[in-house]
Structures are given as C-alpha cells and as structure tokens.
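K.L.:
The structure follows.
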Amino acid sequence: MATCWQALWAYRSYLIVFLLPILLLPLPILIPSKEAYCAYTIILMALFWCTEALPLAVTALFPIVLFPMMGIVDASEVAIEYLKDTNVLFVGGLLVAIAVEHWNLHKRIALRVLLIVGVRPALLILGFMLVTAFLSMWISNTATSAMMVPIAHAVLDQLHSIQDSGDVEEGSNNPTFELQEPSPQKEVTKLENGKSLPVTSASPEGRTHHSQEHLRISQCLSLCVCYSASIGGIATLTGTTPNLVLQGQVNSLFPENGNVVNFASWFSFAFPTMIILLLLAWLWLQVLFLGFNFRKNFGFGENTKERQQAAYGVIQTEHRLLGPMTFAEKAVSILFVILVLLWFTREPGFFLGWGNVAFPNAKGESMLSDGTVAIFISIIMFIMPSKFPGLTQDPENPGKLKAPPALLDWKTVNQRMPWNIMLLLGGGYALAKGSERSGLSEWLGNKLTPLKSVPSPAIAFILCLIVATFTECTSNVATTTIFLPILASMAQAICLHPLYVMLPCTLAASLAFMLPVATPPNAIVFSFGGLRVLDMARAGFLLNIIGVLVITLAINSWSIPIFNLYSFPSWAQSTNTTARCLPSLANTTMPSP
C-alpha cells in the first residue's frame, strides 16, 4: 500500500493535469455559454497555478488555445495581449537591473551603507533592511536576497567567533550582541559533591546560551533580508511583477484611464507605504528576536569598540576587494539615475512632464511610455563601452587588441532574464480580455452588488486579508492575475473607484511572509538553515496583519488625492454602469477628503 501511495505521489503532476480538466467539464457542458467557458478556463488555470502541476508560464499559454476554440476571442487578438506596453516596461527595467548586477554596483551600494550603519544589533538589522529594500526597488527581490544573505551570515559568523574567543580568554560576554536573557553568570550547576559552581560562558551551559543567542540573531538577520526584499519591491512600478500586472490590467480593462497608474503616481502612493511597513517590520523583528531592551539593542552605555572592530572589518574587507569604482560602474550609475529621473518627470500628472511637452498626442498626453524610456536607456547600455578610452587584449588571440565589451551584452541578458514572467504577464492580460469579451466580468459584478451597502474601507480591508492569505500558497503574479479582473468588475458593479480595491490588493499580494514556498526570498533564506517553518510562520503572521493595516491606512489617506478616489471615474463607466452609478455619486461610501 505504501508503495502504491508513493507511486501516486510521484505521478501527482501528471494526474492533476489529466484529471482536473475532466472534473471541471460539467461546468461548460451544463451551462453552454461564453461566461461558463471563460470561467472554466480561469478555474482550470488557477488550479494549475496553485498546484504548479505545470510550469507557471506554460499554464499562462492556455488562453491562446482555449479562448479561440470556445469562440470567446480570436487567436490574433489573444496573441496581442502577450506583448503589451507593460511587458516592454518589464523587459526594459530588468535590462537596467541586469547591468547593475553584472557590474556589482548593487554590492558596492550594500557594503557602503553597512559601513555607515555599523554592527550594533538594532542598527545592523536596520542597515540590512534598508539596503535590501532599496535594491529590491530596482532589481529582482530574488537577486537581492541571494546577494545579501551571504553578507549577513559572514558578518554574523565573525561576530559569533569574536564573542566566543573573547569569552574563553576573558570570561566575559559581548554586551552588544547579548540577548535579553538571564545572565549565565547568575545561573548555577550542581556538582556531584553537592556544591554549586557558577556557569560561565566557557562551560557547556554557557556555550549553549551563546549558541541560542547566535541562532536567534541569525534567524532575525535572515528574516529581515527576505522580508525587506518583498517590502521594498512594492515601492516602484518595476520593483515586483504584481505592480506591472496592475498597470497592465488597468490599461486593458479601462483603455480611457488617461495613464492614471504611472511610475510617479505609483511611487507617490507606494513609497510611504513601504517606509512605514519596513520600520514596523524592523521593530517587530527586534521585539521577537532581540527582546524589549532597546537601549541594549542599540549598544548604548557599553564599550564594544574592540569587539565590533573585527566584524566591521569583514564588511571593510569585502568593500576593499571591490576596488575603486570602474568606468562601467560610474556609467551604469549615471544611466540609472537618468532613467529614474525620466520616469518621474515623463507624465507625473500634477504638472506637465517632458513627455507632454515634447511628444504630445492629440489629447496632450505623452506618446512615450515608461517602457519607451526603459528601452531607450537599455539600448544605450548595449552601445556604451565598459572601458573608455582604451583597448584590451583578446584572450583567444594574445597578439591582438580588441575593443572593450559594452555595458550589456546579449549573452548576459539571455542568462539572467526571466523570460517566463513575460508569458505569465501576458496570460493574465489574456484572461482579463476573455473575461470582458465573454461577459463573465459583468456577471460577476452583478452578483456582487449587495456589497454596495458595506463601507468601502471594510471592503478594502477584507479583500486585502483574502489576497494576503491566498498569496501564501501561490505565486503573487498568479494571485493578482486571478483577482484583479474580478475586483475591477466588482468595483464597477457597486460604483466604487476600481483603484480603491485594485491598488491595496496588489500590495497585499506581496505580503508573503509566513511560508518558505511563498516567495523566492523566503526560500533562499530558508535554504541557508537555522530557520524552521514555525519560526517563519510566527514572525510572518503578525507582519501580514501589520501589512494589511498599513495598506488600509494608505488607501484611505494619501492615495485618495493622488488617484482622485473621491468619486467613481468616468473612464470606468460602461453602458450598464453609467445609469446606475452617476446618480449615486453623491451618496458614495468613499472616505471624505
């Protein structure tokens, strides 16, 4: 019997792929309508995404096959959804991020900040969180975590070795990195003759104490890296893929939205949210792993310079090994700053941007998008040499000289670019198009009209909790892809600004803090050891609640003037919603300005 179950488990992916489409067949057979056909596709894809029986990108290709066969959308129209402007922005942003990683600019930034912050426990944790969050705003959270975790553990190992050597030689503790636990000198051990002997750090009990101490600080540093990588990604439009899913869904479902979600508007909304959530996460991890004695956590009142110097030297050595900034690093830095400035000033909304002035269309809107800017800077990186001026020796032909390589080359890009995410994004946009064409969105919206009597802050809070729970079990991209079209239809049905529910739920999709499989940064720190699932769940549960509360605060305060959430927008009105929503705008349950 055991062998039979093992065989079934080994073939579970094949069984899921074969059985799920058959088990769901009653839906389109008993209800032969386009709405049911589209629902069949969405449910099937959602289950495949949750179980990962097929690669996520392969599941995202289902609409190309199923929608034309079911008569929902023509194949040519479905295919267009897989390379929209948002996908171009994704590619351009990642090209710049790859250049930053390729020339180790991100490591230089990280080590420089850590040199400034120092190695006191609370400040060390804050330093790692700030660096990780900042880098995650621009490069992938996976790459950020993979770089920061080894640095964190190298510093921690050095601190631990210095503490151990100091204890053996001097019989004292490192007061800076001593957690708020009973002092080992105050504990006693009973000898065989009945006498008592103080337990010092050099005794087995003392070493156990320091092992526990080291383990807890190690857990804290590991979690601070993975959590801040997820938190930092929400601050920019290109920081994490769900943000781009939102922009693409808004542009697809509401073509007349006037580019309401752009780099500047998103940053104005999400950056303060990220800062508040990051600081609260820092405080929570301190309390959970270092204790409540904040004075001791900050190292005040203790002479710890000698003990800190060796650990500080680890960071200095790593920074010294990088050498002086090369021409390539300087060039990438300048181009990166130019890209961010162009993103911010292209079409900010609250003043005329350079895109409105230099490249306007008939309506005065910028004909260039954020994706255009990202691709422009990326092309420059493919053109600009990494050494200028100068020639290098050809390693294959020692007697010959050759020009230096460019800042970016296609081999590097092809190795590091996650092409599967492009298909995943496209599959989400195709689902949104199918839901609209089939009438499924309108049907779902009509079923959700009773929610109109519920206060909108309560709606946003409950939806954020649902999405935050769901994203623990499945990809955050898949989560936003499934939920956002439904939320948009619900908002239209109850005459609520679509962004009022779409924005917070997009942020909530990044609150995957409880499980190692929830997000790649969690898996990376879990693989380093020292963490149990229970440790991550214990720290992540309250952080999820804190995150939902912070997002609810953001959507009900500073986001309202940024996105004009006071009333139901004209660009969200359809034939069915115009008559129902316009008379009720005066009675909307939106928070008053």
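Numbers here mean position along the shown chain, with the first residue as 1.
Glycine is no exception: its Cβ is also placed from the backbone N, Cα and C atoms.
Those TrEMBL annotations? Automatic predictions, nothing curated.
Sequence annotations record features per position, and here TrEMBL assigns region 'Disordered' to 165-210. TrEMBL lists 12-31, 43-67, 87-105, 117-139, 263-285, 327-346, 366-384, 454-470, 482-501, 507-529, 541-560 with the feature transmembrane segment.
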K.L.:
Between the transmembrane segment (507-529) and the stretches 263-285, 482-501, 541-560, work out which stretch tops the count of Cβ pairs under 8 Å.
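P.N.:
Looking only at 263-285, 482-501, 541-560, the most contacts with the transmembrane segment (507-529) come from 541-560.
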K.L.:
How about the transmembrane segment (541-560) and the transmembrane segment (327-346): at least 3 CB pairs under 8 Å, pairs 6 or more apart in sequence, or not?
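P.N.:
Touching, no - the transmembrane segment (541-560) and the transmembrane segment (327-346) miss the threshold of 3 or more Cβ pairs under 8 Å.
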K.L.:
Who are the chain neighbours of the transmembrane segment (327-346) in space, where the CB to CB distance is under 8 Å and they lie at least 6 residues beyond its ends?
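P.N.:
Residues 96, 99-100, 103-105, 108, 138, 262-264, 267, 353-355, 366, 368, 370, 373-374, 377, 380-381, 384, 386-388, 407.
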K.L.:
Does the transmembrane segment (87-105) come near the transmembrane segment (117-139), with 3+ Cβ pairs under 8 Å (pairs 6 or more apart)?
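P.N.:
Yes, these stretches are in contact.
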K.L.:
Could you name the stretch, out of 43-67, 263-285, 454-470, with the greatest number of CB pairs under 8 A to the transmembrane segment (482-501)?
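P.N.:
Maximum Cβ contact count belongs to 454-470.
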